[in-house]
Amino acid sequence: MSRDIHHKSHLDTSPPQYNGPLYPLDKDAFRKSIPILAVRVPASQTATVLNSDLTRRYLVGIPKVRPVVRNPSDPDGDRLVLLNITSQAEIPPEPLEFLKSKTNGFTDYVLNLDYDYWTASEILQVILPEDLREGAPVGFATTGHVAHMNLNDEYLPYKKTIGQVFLDKNKLIKTIVNKLDNIDTQFRVFDMEVLAGEPNFVVEHHESDCRFTFDFSKVYWNSRLHTEHDRIVSLLKPGEVLADVFAGVGPFAIPAAKNKTCAVLANDLNPESAKYLSKNVQDNDVSDLVRVSCQDGRAFIRDAFQQIYDMPFPPYTGPKISKTLARKLQKQAKKASESVPVASNSDSPPSRRTIDHFVMNLPDTAILFLDAFKDVITSQEVKDAYEGKMPLVHCHCFTRELEQISAEVDIKKRVEEKLGHTPEEYSIVHVRSVAPNKEMYCVSFRLLPEILFA
Ligand SMILES: C[S@@+](CC[C@H](N)C(=O)[O-])C[C@H]1O[C@@H](n2cnc3c(N)ncnc32)[C@H](O)[C@@H]1O
């Protein structure tokens, strides 16, 4: 006997045709009632029907619809097991017999679906004009509570409706924006317009176990750089010193301090970035490890060597510990020092007065800032401090070269033109494809005394 293993449900659960206004949407117009058949089953027996191979294929099986419900006209009585058919005639004799013997009979039931039932994409499929349905937007990127979309021109007449539908369907999202094409060229901030929700752009975003607060409309942030942020931080040894020339709101600086106990000079010319960077330093409890400045990158590089030499960070004494543990250890140390003579600190680690790494993530122009390293160290004591420990530079850049080999040739040429030398320990890593013909790379190299020392 051949069995109908996959009973095809004839239930049409697609959203109804929509002829109402596009904005605001008439959500009531999305109500849909689907008559189906159900069986009455004592609560203790529902598993028998749900788990039987004979009847499983007739269960309602619709996403987000529970197959067992209370009977609206007899809430304390038999449960209703919902089926995906409308009449008993659709069930072959064997399962029909089974259902008759194991249940208290069939009953009609009405499945009520409404606007909340369908996904954003399903709703858009009935409200957008037919020629726009196929390529309709299906999602967005999020930063904190803000969802950002990048609508193509043909969807702009429907932007408010599209925004509202995505807002309705994503409870964690409070604001939907559309990124406009123009980007502020100096601070890399996108222009955006609110499509739906509250016009609040101050987001709280989490990355690499750190909390970042920032105004998404006033500073640069790109969640797609998460892997690159992690990669650079993974290159740092615990306790090393990092100078972040274009720090933004801190996605390199804060994890470096928090997760690697690195000391960080973090700089950004955008006062809004510097403001939120300072807040993030505090919120992540790394005020002792990160110094924030708001300078032009070139001036920052020129000042950094002497500044950290004159005002070194305290020595690295091991991984950062929680405040509670620190207090406990302090108490223990105090007790111990009362009974034990104070040890000489001649072996204690040195203060941190040299920079181990520079990171320069301003891919459009960072290479142009490299000449700031030329002859930057003038005093003999600072030169001595860098003897045998030249800093590494991690400089982000764009290239139009699509092949890695030609990209490397192009990047090295530009770097060497600016430095006036061929640095050591080159490594060039592809970060991401930004656009057709635009690849982002990170070039790392070690500076040389010939470059730094006047
Ligand atoms: C591409 S963003 C990178 C931010 C951050 N490092 C990140 O990975 O998200 C570049 C940053 O450089 C800052 N900036 C632009 N021009 C600058 C300059 N001349 N000096 C210092 N910072 C600058 C911008 O405000 C922006 O925050």
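Placed from the backbone N, Cα and C atoms, the Cβ positions cover glycine too.
Given the structure is predicted, the values throughout are model-derived calculations rather than measurements.
According to TrEMBL, the S-adenosyl-L-methionine binding site annotation covers HIS229, ASP268, LEU269, ASP296, GLY297, ASN361. Take the CB of LEU269 (S-adenosyl-L-methionine binding site) and look out to 10 A: across all protein chains shown you find 20 other CB atoms. Mapped onto three states, the DSSP output places LEU269 (S-adenosyl-L-methionine binding site) in coil.
The domain 'SAM-dependent methyltransferase TRM5/TYW2-type' annotation in TrEMBL covers 140-449.
Averaged over the domain 'SAM-dependent methyltransferase TRM5/TYW2-type' (140-449), the predicted model reaches a pLDDT of 93.
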